[in-house]
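**Q** Okay, so Swiss-Prot annotates it like this:
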{"type": "DISULFID", "residues": "C4-C21", "note": "disulfide bond"}
{"type": "DISULFID", "residues": "C8-C23", "note": "disulfide bond"}
{"type": "DISULFID", "residues": "C13-C28", "note": "disulfide bond"}
Amino acid sequence: GIPCAESCVYIPCTITALLGCKCQDKVCYD
């Protein structure tokens, strides 16, 4: 997918999660 410029190492995807991004390999991906 496309990186969503948000990491999810310590906290889950927040803003980008609203855009449909999911956590993969410590980074939020579309």
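All residue numbers here begin at 1 and follow the chain in the order shown.
For all residues, glycine too, the Cβ spot is worked out from N, Cα and C.
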**Q** Which residues does C8 (disulfide bond) neighbour through Cβ under 8 Å, counting only same-chain ones at least six apart?
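**A** Spatial neighbours, sequence-distant, of C8 (disulfide bond): C23, K26, V27, C28.
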**Q** Within the chain of C4 (disulfide bond), which residues six or more apart in sequence place their C-beta under 8 angstroms from its C-beta?
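**A** The answer is C13, T16, L19, C21, V27, C28, Y29, D30.
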**Q** Look at each of the disulfide-bonded residues, C13, C28, and point out the one with the fewest other Cβ atoms around it within 10 Å.
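**A** Across C13, C28, these disulfide-bonded residues, the one with fewest Cβ atoms within 10 Å is C13.
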**Q** Determine the minimum-neighbour residue: among C21, C23, listed as disulfide-bonded residues, which Cβ has the fewest other Cβ atoms within 10 angstroms?
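**A** Comparing Cβ neighbours within 10 Å for the disulfide-bonded residues C21, C23, C23 has the fewest.
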**Q** Where does C13 (disulfide bond) sit by DSSP, helix, strand or coil?
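**A** DSSP assigns C13 (disulfide bond) to coil.
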**Q** Any idea what DSSP makes of C21 (disulfide bond), helix, strand or coil?
**A** coil
